[in-house]
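Step one of this worksheet: look at the structure below.
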Amino acid sequence: MKQPNINLAACILWLLSIITAVAAETDAERNTGVFARNSAARNRSPGNEPPGYATRFKGVTWDVANWRLTTTELDQGHYQSRGSVANGYLGINVAAVGPFFELDIPVSGDVINGWPVFSRRQTFATISDFYSFQRSINATNFPWLDKYGGDLISGVPHWSGLILDLGDGNFLDATVKNSTISNFSSTLDMKGGILTWQYTWSPEKHNGTYDIFYQLVAHKLHVNQALVRLEITPSRDGNVSVVNVIDGYSAVRTDFKGSGQDGSAIYTSVNPEGISNVTAFIYAELSGTEGVDLSSSSLVDDKPYIHMNGSTIAQSVNVKLRAGQTTKIDKFVGAASTDGFKNPRQAAKEASARALRTGYEESLKSHIAEWATVFPSDSTEDYTIPGKKWLPLDHHIIEASIVSVVNPYYLLQSTVSNNALAAVKNAPLNRGSIAVGGLTSDSYGGLVFWDADIWMQPGLVVAFPEASQIFSNYRVDKYGQALRNAQTQHLSSKNDTYFSPDAAVYPWTSGRFANCTATGPCFDYQYHLNGDIGMQIVNNWVTTGDTEHFKSKLFPVYNSIATFFSQLVEKNGTKWTVTNMTDPDEYANLVDGGGYTMPLIATTLKYANQFREMFGIGANQTWNEIAQNVQVSRDQASQITLEYTTMNGSTQVKQADIVLNTFPLHYTEDYTHDNALRDLDYYAAKQSPNGPAMTYAIFSIVANEVSPSGCSAYTYGQYSFSPYVRAPFFQFSEQLMDDWSINGGTHPAYPFLTGNGGANQVAVFGYLGLRLIPDGILHLNPNLPPQIPHLRYRTFYWHGWPLEASANYTQTTIQRATNRRPLTSADPKYASAPITVHVGPANNITVYSLPPSGQLVIPNRQIGSISTVPGNLVQCQPVFSPNEFAPGQFPISAVDGAASTKWQPRRASSTSSLTVTLPDHASSATISGFAFDWAQAPPVSAKVVLHDEPLHPVTDPENGDASGSSPTTPASSVTVWESAKVPLSDPYDPIKIDLNMIMSYKGNTTNVTLPSTVPATKFATLLIRGNQALGPVEVRAGNGTGATVAEWSIVRSS
């Protein structure tokens, strides 16, 4: 072990680099449309913070101080543009124009949601755990298990509709004509958990206009309640109706129970299909200001906006409007189901009535206060400049700031707070885990996958350990069924394998029952889920420090999973393996010796013995022997870890698999950083563009840990969210492209909280290098990419103690959080004792001590300053391209020091350009040449231009990109290299190349040595055209994607 050594020279160099970056940033800003739209933010001064930062999405701005996303673009009938609210118990998805039910408008003839239901896309509402029982499901993994049935989430009637009806066929609902809406804006307020709309409605053939304001909340403290407000300000007097609609169209997979009036309220009720002893009730009641005649209330059913469904009910009231005066109508919703309340009708009725008595403003106030408690300002990463609260004018950082808030926000919407539980006398409301689409979508049937345990939980539990109990509570609740599942091996290839009564196995998908089903088999499929649950359990203990809970509730589950694994494995020579299984890469099913599953089994058995000894049970020596001898296959020539024993080089990978061994598994048994780096580079090249939105978060974290140079972790970090988020509210889609006809046939899940969960891990586990290892040591390995000037990390918990950390490029400062109390479960031994901190890889640890008070300063690794290509002047420097690029193939990829990331323009048929800003310290340097790595798709032609003035005018993405245009060239620019036909260093030869061979990454490269050195300039631009990887047909049609640039280095003369 080495002791820390602060290098003064390195600190001075860092300071110079920051000054350089700030100076260079001004030039880089001039060359991007997003920066151009943020031009008003340039004139910043203390107390003059900009109200909002423009994003790349037209009309969408980000208010970083108040955590608000606002859009002025109205996009109706498309699932991507709809907002949602949820509180952990109730969830609802609503139309883009207001809190209405909405059916999707077909896009390219498609309105279908994905596997396994393949139902029509529309707005959705549900209640936590409201699962149905289905005799069969439209699509499955193992159809022969269909005879045992399965469960899918059921909807509840869509409860938020308030329709303004003018009569004569003029009404305001989701189908209102876009042309009648002006001054539109809609805002998602994530500090308050509020969704609002504001616009002017000018109905056709109607002499008058109406200023409209809608507001929607699902109460975070009183989770049986929801609130809707409608404000109407007319241009003329008039009599109208406002209709309180509870729309049964969203109550999918339910049986109608009953509906009607109950006093001044209306209600409806449904059972989930196949579950007759569970009922959900929805109550709704109105109040209003002067002009709202509540005594006129009557049921209506003959309106075009009232869908004819058994569980639909609507109530109309007369409203007298006065010109220029605002009339308010408030809707108070109560909801409950048998799963959480013994008398759901009474619970729903009382919730609605209580909200009405409390009043809208007071109810809203308590809701906002609870969100502030649940989601404090220090619980997300803060990218603002210290002391100024400004974001750097860099669109990458602006979007990173947005997702640092939306990621935990969307996950927290599916959790119930401790205060909320207390308010319902600890009803069992926080035990359902989080489905792929949360509570606002029935994507993936509303089922729970590994997504919850390994993608959503880790980044959430470190900052919100109490809310995150929902993950472990679910697995504990289903533990009894998991024990029974292990005894169903006779339905699988393991029919001759003995599993003891204390062995437990969880199904791949689960809902109400967690039994083995056709969508969620327990055997012959993704056994790794069980080890993922084990990791989730360890994360829970390391963050909360609740050893008693761990011992009594969580360890029994962990021990039973270990027992199952120990009986599942088979001896193969001297090694242990698992046959007929699937690793996380679902493109390879029913294989042997999964390259992630086997290390996961070894780690689970190792930790299980550690915990057994800790609790006085004694280690199982057979488990130790298995753990030390699991089969992990590796190609001998390339040293690439294989996903399965028969894998060959033709493999294309669906999602993160082998790279999971480095993180989150932290597997190091005969697995070095060199192995991890080889695997990362290899599998990054094998990653399918049609894979789901979470893989690149792991790539970022692993790259930050094992890369010896460059800043590819930053590139991968951008890739983890940028291509997947959608306007206006930065919700994740499962896919890079939503059109199933071009994305490999996937109807993407939306919202895809798995993507949020993955991206939510990048900063804390990547840049900070936090590892949740159950050894009583705080493990960190900080390395902040040079593109980020400063980062304050989320407050995170370790053994129940809140810690805060912040970083610049050279160092990270960590201390006990001064504004947070420890959890009640916090390990008391750290109350007055220091925390031991290990920094660095296991074979090169530096030991620190974090005192109970005071700070610990840790030097960052600063790998961005280590040149992959010696003498490279532009590694990790600001870049800009005016051209559209293939999804995720960012311009920054070309200079991040890693060949595994690539810039790829969208079109090969036109000239595309990439401009890099050279650092100020290069102003006196001379350039001797260039090094290019073109990966597998070199351009036909290329040239490099040096210049001191911007080569391109500002190009606004809102008005189209500059593809196909000829770049303007300043008179002072110099073309220093040009090739009309870029030579191939590694041309594809189908006779010599065996596609089945597993080979480490090798790209086509071009090394250029200039005839004589040339002075460095402020900018250098690479222009490329064509793509030598395209076939003749694509070239003639002119519709192929552009060439790839994996790395462009500008080499300084020695």
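Each position is counted from 1, following the chain as shown.
Placed from the backbone N, Cα and C atoms, the Cβ positions cover glycine too.
Noted in Swiss-Prot for the protein shown:
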SIGNAL    1-24  signal peptide
CARBOHYD  ASN138  N-linked glycosylation site
CARBOHYD  ASN183  N-linked glycosylation site
CARBOHYD  ASN207  N-linked glycosylation site
CARBOHYD  ASN277  N-linked glycosylation site
CARBOHYD  ASN309  N-linked glycosylation site
BINDING   TRP450, ASP451, LYS654, GLN655  substrate binding site
CARBOHYD  ASN495  N-linked glycosylation site
CARBOHYD  ASN515  N-linked glycosylation site
ACT_SITE  GLU586  active site, proton donor
CARBOHYD  ASN620  N-linked glycosylation site
CARBOHYD  ASN648  N-linked glycosylation site
CARBOHYD  ASN808  N-linked glycosylation site
REGION    950-974  region 'Disordered'
COMPBIAS  962-974  compositional bias 'Low complexity'
CARBOHYD  ASN1004  N-linked glycosylation site
CARBOHYD  ASN1007  N-linked glycosylation site
Where GLN655 (substrate binding site) and GLU586 (active site, proton donor) are concerned, what is their Cα separation in Å, rounded?
8
For ASN1004 (N-linked glycosylation site): intrachain residues, at least 6 apart, with Cβ closer than 8 Å:
ASP933, TRP934, ALA935, GLN936, PRO938, LEU984, SER985, ASP986, PRO987
Give me the Cα-Cα distance between ASN207 (N-linked glycosylation site) and ASP451 (substrate binding site), rounded to a whole Å.
53
Winner by Cβ contact number (other Cβ atoms within 10 Å) across the recorded positions ASN207, ASN495, ASN620, GLN655, ASN808
GLN655
An 8 Å radius from the center of the TRP450, ASP451, LYS654, GLN655 Cβ atoms defines the neighbourhood of the substrate site; name the other residues of that chain inside it, in order.
PHE449, TRP455, PRO584, GLU586, ALA656, PRO692, MET694, THR754
Cβ proximity for ASN309 (N-linked glycosylation site), under 8 A, sequence spacing 6+, ordered by residue number, returns ASP247, GLY248, TYR249, ALA251, PHE256
ASP451 (substrate binding site), number of other Cβ atoms within 10 Å
25
Using C-alpha positions only, work out which of the glycosylation sites ASN183, ASN495, ASN620 is nearest to ASN277 (N-linked glycosylation site).
ASN495
Around the Cβ of LYS654 (substrate binding site), other Cβ atoms within 10 Å, all chains included, total 18
Can you figure out which of TRP450, ASP451, GLU586, LYS654 (the recorded positions) comes closest in space to ASN808 (N-linked glycosylation site), comparing Cα atoms?
ASP451
Could you tell me which of these glycosylation sites, ASN138, ASN277, ASN648, ASN1007, has the fewest other Cβ atoms within 10 Å of its Cβ?
ASN277
List the recorded positions among ASN183, ASN495, ASN515, GLU586, ASN620, ASN1007 whose C-alpha is within 10 Å of the C-alpha of LYS654 (substrate binding site), in sequence order, or say none.
GLU586
What is the one among the glycosylation sites ASN183, ASN515 whose Cβ has the most other Cβ atoms less than or equal to 10 Å away?
ASN515
Just checking the glycosylation sites ASN138, ASN183, ASN515, ASN620, ASN648, ASN1007: which sit within 10 A of ASP451 (substrate binding site), CA to CA?
none
Between ASN1007 (N-linked glycosylation site) and ASN648 (N-linked glycosylation site), how far is it from one CA atom to the other, in Å?
31
GLU586 (active site, proton donor) versus ASN620 (N-linked glycosylation site) - Cα distance in angstrom:
33
A correct count of other C-beta atoms within 10 Å of the C-beta of TRP450 (substrate binding site) gives 21
Find the shortest Cα-Cα separation between ASN515 (N-linked glycosylation site) and the recorded positions ASN138, ASN183, TRP450, ASN495, GLU586, and name the residue that gives it.
TRP450
